[in-house]
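*Asks:* I have a structure I would like to understand better, so I am pasting it below and will then ask my questions one at a time.
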Amino acid sequence: MAAKARSKRAATPPAPSSNGTNDSEGMLKNALGQIEQAFGKGSIMKLTGENARAVPSIASGALSLDLALGGHGFPRGRIIELYGPESSGKTTLALHVIANAQKEGGIAAFIDAEHALDPVWAKKLGVNISELLVSQPTYGEEGLQIAEMLIKSNSVDVIVVDSVAALVPKAELDGEIGDSHVGLQARMMSQAMRKLTGAISKSKTTVIFINQIREKIGVMFGSPETTPGGRALKFYSSVRVDVRRIATLKDGDTVTGIRMKAKIVKNKIAPPFRIAEFDMLSTCGINFELDLLDLAVENKIVKKSGSWFSYGETRLGQGRDRSKTVLEENPELCQEIKQKVLEAQGLVPVTEEEPEAVEA
């Protein structure tokens, strides 16, 4: 009986002390100090004050897509996947991101695994070809290693890999056509994602992977479409954009461009599943003013009466093309309409006009 009483008393937990909270805080502070001493300052922190910061972004070239992405464009320090059918505008969209990064004074790199980059078209889109870093790797591991070295330098603002499907593993390249290499590319991409994701998050680099689509055999229900390269890229991407061509633009019998639809399939920095539609012209790619005009009409900032467009008392023109030209020739008016669109979307505070002083 005495032994049982002693064991029961031993199993009873000690009563909490009056300064238990202070003891816990002291123990936590000691643990945090040991972690920082072992792994360096900043290895663990609280997401408050100076540690909590907004995610900087790079504009996509289309304001409607920027709004669908959360308001500012493609986030820095994150992995982006653009995928869709052929000739849907994936590479053109990525080149617009490069052009916008360069306009802000940034450095861009293009890893051309498909060996199909057109410098003339890129220049039309506003890309500074003389400052663009271009690599055409022989095999997939080489391209991913080049990307890793550029990311770790923390000196490149945007890296575009075109495309994941063209990143051929070295073992497959050394083999014969017809040899079976099950899961080889998926393993390569999975390893690359594990190595790159930490370095990307600590950098200012936006890494855009362009991907193709394939179709599964024997799928009876749901979409049979899938993307090559395994599933790792889907998990590690902060943003996934499904890019489609939904219409062909014509002037008479002449094709002048395409109408694009971008669906945000995944988004870790803003609500997903938003959709943006905009035109991509054969002469200049994505036209910002044309997209802004459509957004302004949608948000009832610009009124459309028949074929005429008007902003307040200002008549912009007859037809989209003429109204677009007016916006291109008047940057201040274009900026004013853009500000109104952002206010309508709740991204900037509404500017109220100060009442005029009444003389006594």
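FYI, residue positions are counted from 1 along the chain as it appears here.
Note: Cβ is positioned from N, Cα and C throughout, glycine not excepted.
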*Asks:* Please identify the range among 1-26, 313-338 that TrEMBL labels region 'Disordered'.
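*Replies:* It is 1-26 that TrEMBL annotates as region 'Disordered'.
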*Asks:* Around the ATP site formed by G84, P85, E86, S87, S88, G89, K90, T91, which additional residues qualify by having Cβ within 8 Å of the site's Cβ center?
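*Replies:* Here the non-site neighbours turn out to be V243, R244, R245.
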*Asks:* DSSP helix, strand and coil counts for the domain 'RecA family profile 2' (218-291)?
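*Replies:* Residue counts in helix, strand and coil order: 9 helix, 38 strand, 27 coil.
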